[in-house]
Structure formats: structure tokens, C-alpha cells
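Quick look at what TrEMBL lists:
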BINDING   B:48, B:54  NADP(+) binding site
BINDING   B:125, B:126, B:127, B:281, B:296, B:297, B:298, B:299, B:300, B:322  FMN binding site
């Protein structure tokens, strides 16, 4: 199995290569009766498109999604929703270089070791274009969550060494990095310019905040909600670390500081702080869920790098062609999509957790 | 489903509560013909026992494992291995306090929100004792890996703000923190003494290095090897962040630094550096795998903390009883166990990745 | 994986060998708050015990079940329920014969081919004793169903060529074959006497009727309710055919006869007949569910049979020892257990089938 | 989850409705390096097309398959293979009748009960056209098996009361029923003519024989090979019973007759008979695997039938339009496809069954 399916109750199967005919996803477990159009999904896909800025590739990716099944008269039927995006830009190129050489920081060597063979065109299955299927599915998940009063806010919190100092959600969509801090966004421009001049690339951090999640979601042992988020976010190509709540900081904190107290607020049990990021013991605690993904710098750089060919010859390689000097802004919606998919899956699993729930449902 | 099963091909199902009759695991998918005794497993369980130091609980946990099935004449039969550890120390206590109150930093509130009801004795299912099943299963996984020439080295790399500066594997077992740096271990003693005087607790960082993993393990999309490790490690109670290789550092690095070059070494394709921590694009690259888990401070502290009762009354609570001021040293073998289980599962999934493998096997 | 886990939302993992220390099951996904005692489970286990009649083995199987986890203060907690039955009767025997020879009609050869090695004592994992775990889990499933107004009635409908002509549920428990027809039960006695005189054995048919299942359970494609029942029943050792409703008869029927009409009855959409056995297109239709399992004759017979040894020597074998000349009566509760487990699993999966269900639940 | 995915290691996800834009399948777990073209798949799809005879619908179903991913330079890459067949014949029809009425023998009522809503055009997701995805995937599975020397032979063994008396494989493709007996095929013509004159329909039996399966395939408990076949075959729309080997006959047989002896043949352990149909205790025994599926008569008949509307009105319905009076011939390749998929999945799962297999693979 190449494990292209995610989830247990709300499942997403993605398929497709960067330069194949098309890419897509089959989303199974969508409840019947949700109003859903291609426009709902297109909004999400457009967020992962290259922006107008010069920091993302100029490849014209129309990436129009088509719904092939599972929707009838504007509503989901409960059966699998097949989504497809045709690859329009498959112009023939000379991939000989990449075909025979292992690009540093890429999955080329791993694929060859595993399969003995790979579709080397544009990274094939390990291309960032694989995330098209995830984002299309994520749009559906996010729409389900919205119906339940749950919203996601995802943004770039740092680009290279440039971190946001303030949090102004209203400016997220006003800069091409999706940063909630315009000052940081401007500094990021300067940093990236510098990277580009040196034929280098940058990474960054993406944060996702989820509001409105009821307490009680997630399972106690291997199905912990944070474990599911960790798998989901780490499964995104360039992510090398995942944090929940205070994340890496907790290891140097004291219990008295890290523990979130509880108190009554408006007749409701509420936490006084949120170091835990909304998840305790793997189960949501009613607080805002906070996730953080660390994205490595784009591995494709046009500097000379040391590598080997498939036949074991030491060579130097310079990766030419269209490559984002930073993929973080385009990955923001991918993180949001994976978070939404994970949460819907966990929420659906939760519905038979109590005998009284089951009885209410069936009797 | 409460999702107590981990893995697809090599599956581990854990069960049991802190103060129930027993805890255990069913390990399915163990290949037939592995020599296995209770002693193999006991070695691992003993590593999660409280140490001789005063930084771990004094509860006498004999924790003797029994193999109930799946082993015949000293060898595994290919059928499920049922492992059991009886709880000996179930003395009746007054849990009224915990039963009616939500301890800060614990899963109590989540459990009640989800199930409407919980076994509150010693944390019940969310107790650290649940990891007994994981460690027993991990011992089997580690033995399988050893037969394949793969070894795991797991240790504490920091306690609170005290980080190891050097890496001396030979001293790991010579200090009660399992640190590879005796200087750091001594500083950690001082730090913990200070925490205990203030009725406070500490967290820390656990690192796991895996040597001998062949290139090609892991699946390209949702089954990425690092995604599986992330889920596995984040599913350990107190872990709030998981890193692979350079981890959180990658977000501020440049591509030219983060990329690992390849070169030929002894006729073998080898990486020149290992920022990636042995995993590229979700597939092992033949390098040492490096994982890092950030463990939060023990939430049970005897300082007064603000919380509420089940009935919604604001109160102050002081958690009395035996509690480790730091759980990191005992969690070291849990991290190793989950890493071993994850890797075995991924390696077994890999065996049908190529048509020539399948043909070699069946023809 | 040796695939010892059944189900997706309500999962049952069985473990244990005939002559190992113990056998058991871990049942995960039991909703919290169900009242459950060992007595609830023992009633089911007692039904699979050898009866007082001379047609079942005289081995004294106490088979007392113990609940090791997942129940607190008499109610399920939502966490995995571990059930154990110790093997008391493990007296040392001379299995040399069986160890070195492949018994006709048994799994011995398959096990050796697969694992190269087997626990040959009493059939090991392929023993009928493996069903202890299934039946213990089935008792829990049946209790859940009872709370939802769903009841199962399972009985022997034929022994060898002797079929029940009438259906008198009240006599099912009044004969040692669990037949709903006393005349047939008496004929079955005669038939079995004849088999035993000739050192031969008999098979039979088990039927299971399930009342009270609401329409709409089951998934449309691979998760069809009848497909799930088929897998469940065919996974019982000696079952070689599974029928739903009219079963094998449908292939020679005409559409006009096989189709069940619908009509209104007491303001409810009801079927006029039930050839379909309560399942149409894989989804329950509100009618009584009718399942039928064909059980082969006990393969262990003391007649001389032709076989080979592990080393490839042609020999003649006579299986000595305690063997039921017919296992059908003891398999009745196994069929019922698997049917109950399957139905609970399908019903829990159904709870998120519609967006309005999900909204009702979460809003 | 609507459970549109089958298999664990070799997984098939089907999607699509009868009158939607397209239908298809995503096949994951295909080993890398298999030569595969659209023509390989088309051959299978053509077998499920309506024949030239008047017993299958005249709808012109071009049903050309396209491979969208997972194949590069004529070989599989190990990544998911997405297959699509566009629906060409979606002419607008008046489905008002079917939309508002529950057709006897169909899934309409079940779908409405479950989802509250359905795509009623041509049966939507419960249409026989859903099997396009299965057959496309089955072609890949069969090709893998062929590389391993395993072949499937599937045919109609009866139509209504007309059963084949002889077995002449060479004539299977020479009659439009795929019967291995020309005399029976001629009688079947007469029987069907009679059915059609009476506006009635017929069922039948499909048999599948699999040659070349090595001993040792299948798992001992819930993953029994026959249990997997049972689920697979029963998941085909109109199948109401599944038999393995002697099937329903075993229940009236004696042990001495049903048991297959073993003997040495050409230095190989071989069975003297094959009542078991090649599977003992859920594991293949090296003999020919024999499966049998009982298919009910086509439920769509133009006779008047009693039913109700969605609003609960008793009415009489006559199903007009193009409907096969018998679907058995077209279902032959569906049975073969499901059998092939099931077997590949079981064989891939088997590769880590022994420690020496694992060591041979990795060392």
C-alpha cells in the first residue's frame, strides 16, 4: 500500500503526479445533505495558487476543480465525492538531469530506493502539486465544520528568521505571505530578496487556530487528537516539526506555569490560560486549538550542490527552472486543510462514544 | 472506537487502567519464528520503572509481564501475542477529591466531556501506566529490528532548561536521567531539587536515534515515515511537540544549509550531512533517523491551583500523593518503544512495494 | 498482520490458543455508560459450552470470564474492555502424532505452509476455542443491541440431512441441538447415533434472525451489511457457505417472485414479503434480517484417513480423543455473536451519515 | 464513511453514479514496475459490456477507460492508479416515477432511510454501473496474479433452473451467457425467452476457479481467505449467497466424505479430493480455489408490482426502460474482479508472516 488514504470515518484518498494527466481526491464519509458547489472548493484551491508576488512560481496553474460524483442537485448524497483537477501545463521538458540525479533535499533517492523507478517529471508524486487533492478535500471538511460553528484561521507566523510580533487577523489576506503582522511581512520581503540574490531559499512557520471545537473530541490513546494533527501536518511535504499549544517551550517550563487552571465563566467550565493549545490528554478541552508547523526552505535552489547520479557518479548540480524561494505562503491552506480533515474525522468518530448518545440516536 | 490500536501491519492494541486489575497489550503481526521470552520484554519494562533516585515515584511497581499467547516452544507462532501485567498495588484510596474535580493539566475534563464518566482512580486510562502495554510491545518490535541490524538509542537531551552539551552514549545508563552528558545530569539534579522545594515539576526533551535503517522505508503521501513517527510520539501522554532531524530549526534556515548533499562512500550513496534526520519526502534516506519529543512538566503538583468541580464550583486544589517531579526519564523507553513499533510497521508494509520483490517472493 | 481484529468502529481483537495459558478478547469502541457484568458475558459463554448430551465433548470447560479493564463501578467507561478466560485443562498429552502429520479437513497444512511452524496442541489458534473471545465480545454487542430494542434468535435448522420442518422458538432451548422443532431434534439424535457408530461426524445449518433493525443500516458499496455478515460468518472455522434471506434459492427464482413489494402498515412503510432477508442493496430495509451458515462436519473422526507427514511420508491416520461428532449446536452462539458484533459496528458507522444527524448531535 | 474502499494492502476505492459525469476507481498498493496499459484494463471492461444478444441492455456503453495517474513510461510507479470512465449516455429522462417511488427489490428505500436523499437517476450509486470501478481494478489485480502464475476462470454455472452438466472451458466464450456447457446455454436461451414473454427476469449462479494459488495464503481468524472472498462477492449488488468448495452441500455431508485426504504427488503434498475448495481453516491449501455466487433475478421487471411512494401512498409500479432480463452474464467478470482483488490483497499481506521471510528481504 502506498497509503494515499487519510482518516477513518471521513476519508481522503489523493492521487496524481505533478506532470501526469490530472490530480484529484476521493472524499468518502461526507454526510448527505451538505450544500456543495465547485465554487466552495475553488476558493480553497485558489489560496494555494501562486500569488502575484515574485516569491512564488510564475507557472500559470489554472487548477479548476470539477466534482465528478457524490453531489446531486447541489447537495452531497453521502456517497464518495470524486474531485479532479487537470494538469494543463504538461509541456515537454528535458528532465534528463533530474531523472538521473538525486536532488539534495528532495525525495528522489527515497523513491528510487523504494520503487526502483519514479516519475521524475516535476517531482512526480512527491511534488507539492499532490496537495491539490488535500486542499480540495479540506474545503469540504472546512464547510462541514462551519456548519457546526467551527472556524479555522491559518497564517504564516514566520519567514526565515522574521517572526510576527503582533497578531492582526485582518491583515492576513493583505500581504502575499498571509502574515498577521504587516511589519513582519515587510521585513520578510527584504529577507527573501536577499535569499534570491544569493540563489538561496527560505522556510517558515505556519500556525493554525481553530475556534469553536467542543470539549471531548479525540480518543484517549493512539487516536489522541494531537497525535492525529501531528500525523496530518507532518505528512505535508516540507514539514519537519509539529507543535501543539506551547509546543517546544513546554520542555523547559515548570508545571506551575504550564498547567492551565479551570474556572467558571458564564456558567461554563473554561480554562484560565491555554498553554495546552486546546488539547489535554489527547482530548479537546473546549479551548482554542493551536497548531504549529515548521516548514523547511525550498530544497530546489540554483546554487551548485554536491550530489550523485543514479549510477553512482559524484557530480555538482544546479536546479534550474521555476521554483518558489519560499513555499510557506502556499502551504498555509494545506495546513488548514489537513487540520480541518483531521478534526472532522475525529468528530465523526466521537458520535458513538456514549450509550446515551447511541440511544438518543436510535430510539 | 476509542482507537486503542496502533499500526497497520504490525498492530499493537493496549488496554487497562492505572488501578484496574491489569494492563496489557495484544501484538498482532509478529512474524513467526522469532525467539521470544518474557525476559526480553521485562528488560524494557524495567526501564520504565521508577528509578532508585528520588525524582521518580516510590510506588513499588513490580510490573512482571506474562506472555499469554502467540509463543510456542520459545518462538513466536505468527498469531497474536497477548501480554499482561497485573496491577499489584491497588490499595483503596480516597479519590473523592479527584473524582469530583478537574485537575489542571490532566485529561479529567476531556474524559468527562467525552464519556460523561471516567475511572478516576490514578488517572484511569489516561495514566502513564497505560504505557506498560506500549513498552511491552516495543520490546518485541525492537527485537525484530535487532535481527535486521537496526538499533535504537534513546536518551534525555534536556531536563527543564538544562540541556546536554556533549553526546557520550556510554554514560546514558550511568545516570538516573538517561542523559548522555554527566555534567548536564548533575545540573539537572540541582534544577530538580529546586523544583521540588517549590512543589513544582519539570519537563524535558527525549531524543531517539535509529541506526541501520535502509533507504526506502515509508510511504510517499499520508504514510510518510516521519508522519507515522509524529503520530506515534505525540500519542504519548505529555508530548507537545515532535521534531525530525533539525526540526524547529529548519524554519529559520536557508536551503543551501538545510539541504543534505549526496556523495559516494565505500561504493554506497551516502549523505554528506543529516539535517533531514534520515527522512526525505517521508521516505528513509539511509541516514541515521533522529526524532525529538518535547515532554511537558508533570501536571500533578502540590502547589495550590485554581480549578472547578464537576458541578461547576470554583475551588483551589493541591495534588497530594506520589508524583514524579519529572517523568522524562521514565518516558525515554516509551519513546523508544513507539519508534520501534512505528518502524517495524512501516518496514512490513514496504515488502510489496515492487513487482520484482513480489515475484522473488512468490516464484 | 494475522488479522485478529474485526470491525471498524466496534472492534474485537481475539487472542489465544487452545492449550495456551488463556484466551481472550479486547473489545474497543463500547460506548461509555453501559451496565455490564461478568455474568452478562458468562451467559453467552455457557451457551458454547459442551452440553449434557453425548454429542459434545466431555472436556470440562469451566471457561469463567474475567473483565480486566474498561468497566468501572459496573458501567463501561468507553475504553477497551479486556476479557480473559484461563485454560484450565492443559494436561500434557502426546501430540506427536498431530505435530508431525496433517489432519484431513484441518488447518494444519495451511499453518505450516504459512508460518513454517505451529502450536499443534489441540489445533492451537485454529481451535474452536478461539471462538471464546468472539462469544465474550458478542455478549457485549448483544447487550448494546438489546438496549436499542434489537434481538437475535439463533438456532440449528438442520443436522446432516435432518431439517426442521416447523419453527417453534420456545423449544429451541429444550433440546441439546438448539432446534426449533422437537421432531427434527429427535431425528437428529438418531442420525448422530448412526454417525457415531460408524466413527463419522455430521454438519448442519445455523440460522440467525434479527428483529428490530431499523432501515438504513449498512453502507452502499464494499460496506454492504450483507457483505459484512458474510465475512463475519465465513470467518467462523467450519462455515463453508453463507446465505442471506432466500440465499441460494434466489438463483433459480424469477424476479416477480423474489421481489418484495412495499405497502403501508400502521402508517409505516413495510415489505409484503421478505425474500431479501431484510437487506436490499446492502442496506437494511426494516424487515427481519435472516442469515444462514452452513457448517461442515467435524473433521476429526476416528476412521482411518489418508494423509502425509510433515516430511512427506504417506500414512493413514485415526484421530483419537474427545471430539464432538457435530459442532453445530455449540456454534449457534458463535454465529449469533458474530452477527451481533457486525450489526453494532454497522450501526455505529451510520451515525454520521447525514448532515442533519451531525448537526443535531453537535449543535 | 460510506465504505467505498476495499482491501488492506491492495486497496480499491470506487466512486461514481450511474448518471453522473463519470465513474472510476483509485487503486493503491500496486507494486512498482508492472507493465500496464489502458488496453489491459479495457479487455476486462469489455467483458462487462452488454453482449450482442437480446438478453442484455441495448444501451451503448462505450466505457473507455483512461489511466490518470500511477503509470509512467508504461509501468506502474507504486503510487495510486486513478482510473476513469466517463458516462456518455446521460440523456435527460423522466425519473419522476423512480424518484418518488420505492422500486421492489432495489436499494431505493434503504438509501432514503439512510441518507434522506438519493441520486435516483438510474439507481445512482447502487447501479450496476458502480462495478465499472471494480472491474477496472480487477484487471490490474488479475495482471499481477498472472505474473505470479495464478489464473482465474469464471463462468455462469446456471441461469434460473438451467444448470450446466458438463464443464468445457473452451466454450465459455462461445455463448453469450459464458456457460461452459453449450447444451445448457441453449436451454438457458429458451428459459429466458419464456421469462421475457412474461415480463419477468431470471437469476443464476457464477463460479470462479482459481488455479496456481500457493498454500499458506489467508490469515487464521478474521482475515480468513474465504471470509475475505465472502465479503468481496457478497458486496456485489445482487448476490445473496456465497459458497466455497462444496458450499451448502457440506452441511448434509459426513466427515468421512467431506474431508480431503493428503498424499504425495510428484514429491509435493497434494490433496486427494477438493471438497474444501482450496481453503482449509481460512488458509489456502494449494488446491484449486472454488467460489460460487448466487445472483438474484433482475429486480426491474415491467410487470405490475405493489409498492409505496416516498410520501406513503400505496401504488402499483411497472418498471419501464432498458433492463437486462438477466444480469448474470455481465456479472461474471465482476465476480472474477473481486476474487482477483481479494487474492492479491491477501498475498501481499502474507509477505511478512515469517521472520525468515523478513530477514531474507532486508538482509
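Including glycine, each Cβ sits where the backbone N, Cα and C put it.
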Cα separation, residue B:48 (NADP(+) binding site) to residue B:300 (FMN binding site) (Å, whole number): 19
Residue B:296 (FMN binding site) to residue B:48 (NADP(+) binding site) - Cα separation in whole Å: 17
Residues satisfying Cβ distance under 8 Å from residue B:127 (FMN binding site), sequence separation of at least 6: B:17, B:18
Alpha-carbon distance [residue B:48 (NADP(+) binding site); residue B:125 (FMN binding site)] in Å: 17
Subset of binding-site residues B:48, B:125, B:127, B:296 within reach of chain C (CB-CB under 8 A): B:125
Cβ-Cβ neighbours of residue B:300 (FMN binding site) (radius 10 Å): 24
The one of B:48, B:296 whose CB sees the fewest other CB atoms within 10 Å, among these binding-site residues: B:48
Rounded Cα separation (Å) that holds between residue B:298 (FMN binding site) and residue B:48 (NADP(+) binding site): 16
Residues B:125, B:126, B:127, B:281, B:296, B:297, B:298, B:299, B:300, B:322 [recorded FMN binders]: greatest CA to CA distance in Å: 44
Secondary-structure category, per DSSP, in which residue B:296 (FMN binding site) falls: coil
For residue B:298 (FMN binding site), the number of other Cβ atoms found within 10 Å of its own Cβ: 25
DSSP state at residue B:125 (FMN binding site), helix/strand/coil: helix
